[in-house]
Amino acid sequence: MTTQHQHWGSRLTFILAATGSAVGLGNIWKFPYMVGESGGAAFVLVYLLCIAAIGMPVLIAEWLLGRRGQKNAIDTMRDLAKENGRSSAWTLLGVSSVLVGAVILSFYSVIGGWSLYYTVQAGAGQFAEQDAAGISDLFEQMLASPATLLLAHTVFMAATVAIVARGLKGGIEASVRLLMPTLAGLILVLLAYAVSTGHFGEAFSYMFSFDLREISGGTVLAAMGQAFFTLSVGAGVMIAYGSYLGHETNLLSTARTVILFDTGFALAAGLIIFPIVFANGLETSEGPGLIFVTLPLAFAEMIGGTVIGLLFFLLLSFAALTSSISLLEPVVEFLSERSSLGRAVSTAVAGAVIWALGIAALLSFNVWSAPLPVIGMNVFDSLDVITSQYMLPLNGLFAALFVGWALKWQGVQDELGLSGGGAALWSILARLVAPVGVAVVFVAGFF
Ligand code: PHE
Ligand code: NA
């Protein structure tokens, strides 16, 4: 007889933790700059379609797998494959998911470090009275210094490890309970400021005036990757978080809540950042530096800008932290269940390996910026593109296929509490729409 796997304190803490995982740098940092690089509304449209048709069924499938397994993602896949008379090769889906989560964390922590660095700069009043050139110098100087980036990455990783080492209740739950409500409050304050810039309408039409002719294969591929990244699916994270769920939680309504929050945060971030870009005559296609060169300008000019700037970057760091802890959890759950190391040591070991990989990523901004052979991108971009655009969708595709086709269908229906039309709709999404959608986007991406 095995002891019962631990569970979330309540449905609310699960929602906070899952939303905390979903809402992060992907929403506030990556989404706006990807919209800007891909020319606006066409990207937003494809992104929203991918979330609804692909991301949602995959998210539900991953929670379902985790809850069924009540253990780490790798053993979950192995055991579920066995119980359902399927090939043990499905274990590889667990392995690949957990590895991809760890790789994402390595470069995610570098950007988490930027957020921390900017929190300190904001607090020290560094944005005040700067013009656009001064603000971009600040960003360039940070990137040019390996020591600065290393320190920031190390502090961010250490914070992540410190929380995860404390366990589900004392670490993850306690931190999201504190951080998530604060995050929601701040985004509303900033949204109010964005409306006051006088360029809100321009930003709105930039994000929502769709022109279907602007959609290219590359845009579609990037938008799908972002849909997976933003929902934290394909990285073992939602399987791990699902493994701490009991049967009282309704997966469908919880998915709807988490997705609404995540999408709301991404759209709000765009609606905060683009008015400032337009108000200051800046470029939307700035790339990864977008929020680090646009927002400080607004903070330099607005009344109380130092305080609001400090709060913004603090909260960006917190949003990153509630995601980074989720990225570490799958490896830690695996190590602590499979070895005799215990939770704290497992966390430290996994954290150290991921931290080391992060160093290669941060050197991409200075001494090691040359593109890698074959891939043609530096280490940072390679890790980002390979995981987000290819590995997350691939893992998600197989998770949907496994739940849709390999598990006994009656069991899946029971897990979801569905019958009749609802069950039919879900089966179409998980069995056909999501897998075919991923395949179509992959093919389109080559053109
Ligand atoms: N969803 C997080 C974000 O948008 C990133 C993430 C990806 C977290 C994959 C966990 C797993 O910032
Ligand atoms: Na997100």
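For all residues, glycine too, the Cβ spot is worked out from N, Cα and C.
Nonlocal intrachain contacts for the transmembrane segment (12-29), taken as residues 6+ away from its ends with a CB within less than 8 angstroms of a stretch CB, comprise 108, 111-112, 115, 172-173, 175-177, 179-180, 183, 226, 229-232, 237-238, 241, 244-245, 249, 254, 257-259, 261-262, 265-266, 269, 288, 290-291, 316, 319-320, 322-327. Marked as transmembrane segment by TrEMBL: 12-29 (among others).
Positions annotated as transmembrane segment by TrEMBL: 41-66 (among others). Using a Cβ-Cβ cut-off under 8 Å and counting only residues 6 or more beyond its ends in the same chain, the transmembrane segment (41-66) has close neighbours at 31, 34-35, 73, 76-77, 80, 206-212, 214-215, 219-220, 222-224, 226-228, 230-231, 233-234, 238-245, 251-252, 254-256, 258-259, 263, 267, 270, 393, 396-397, 399-400, 402-404, 412, 415-416, 426, 429-430, 433-434, 437-438, 441.
Beyond its flanks by at least six residues, the transmembrane segment (87-111) meets 24-25, 29, 72-78, 80-81, 149, 152-153, 156-157, 160, 229, 234-237, 239, 288, 320, 323-324, 327-328, 330-331, 334, 350, 353-355, 357-358, 360-362, 380, 383-384, 387-388, 391-392, 394-395, 398-399, 402, 406 of its own chain at Cβ-Cβ distances under 8 Å. As annotated by TrEMBL, transmembrane segment applies to 87-111 (among others).
According to TrEMBL, the feature transmembrane segment maps to 147-166 (among others).
If one looks beyond the transmembrane segment (178-200) by at least 6 residues along the same chain, the residues whose Cβ comes under 8 Å of a Cβ in the stretch are 16, 19-20, 23, 265, 268-269, 271-276, 278-279, 298, 302, 308, 311-312, 315, 318-319, 321-322. Positions annotated as transmembrane segment by TrEMBL: 178-200 (among others).
Taken from TrEMBL, the feature transmembrane segment applies to 220-246 (among others). Listed by sequence, the residues of this chain that lie at least six past the ends of the transmembrane segment (220-246) yet keep a Cβ under 8 A from its Cβ atoms are 5-8, 14, 17-18, 21-22, 26-27, 30-31, 34, 38, 43, 46-47, 50-51, 54-55, 58-59, 62-67, 69-73, 76, 94, 97-98, 100-101, 104, 168, 258-259, 262, 266, 323, 326-327, 329-330, 333, 385, 387-396, 399, 437-438, 441-442, 444-445.
Beyond the transmembrane segment (258-282), the same-chain residues lying 6 or more positions past its ends with a Cβ under 8 Å from any Cβ of the stretch are 15, 18-19, 22-23, 26-28, 31-32, 35-36, 44, 48, 51, 55-56, 59, 132, 187, 190-191, 193-195, 197-200, 202-204, 206-207, 230-231, 290-291, 293-295, 297-298. Per TrEMBL, the feature transmembrane segment maps to 258-282 (among others).
Under the heading transmembrane segment, TrEMBL lists 302-328 (among others).
Annotation comment: TrEMBL describes 349-370 (among others) as transmembrane segment.
TrEMBL lists 390-407 (among others) with the feature transmembrane segment.
Sequence-remote contacts of a segment are chain residues at least 6 beyond its ends whose Cβ falls under 8 Å from one of its Cβ atoms, and for the transmembrane segment (428-446) they are 50, 53-54, 56-58, 60-61, 217-218, 220-221, 224, 389, 393-394, 396-397, 400-401, 403-405. Feature annotation from TrEMBL assigns transmembrane segment to 428-446 (among others).
Using a cut-off of 8 Å between Cβ atoms, the transmembrane segment (147-166) and the transmembrane segment (390-407) share fewer than three residue pairs, counting only pairs 6 or more apart in sequence. Same-chain residues lying 6 or more positions outside the transmembrane segment (302-328) and placing a CB less than 8 Å from one of its CB atoms are 17, 20-29, 101-102, 104-105, 108-109, 111-112, 115-116, 118-119, 121-123, 125, 127-128, 156-157, 159-161, 163-164, 171-172, 175-176, 179-180, 182-183, 186-187, 189-190, 193, 232, 235, 237, 240-241, 291, 295-296, 347, 350-351, 354.
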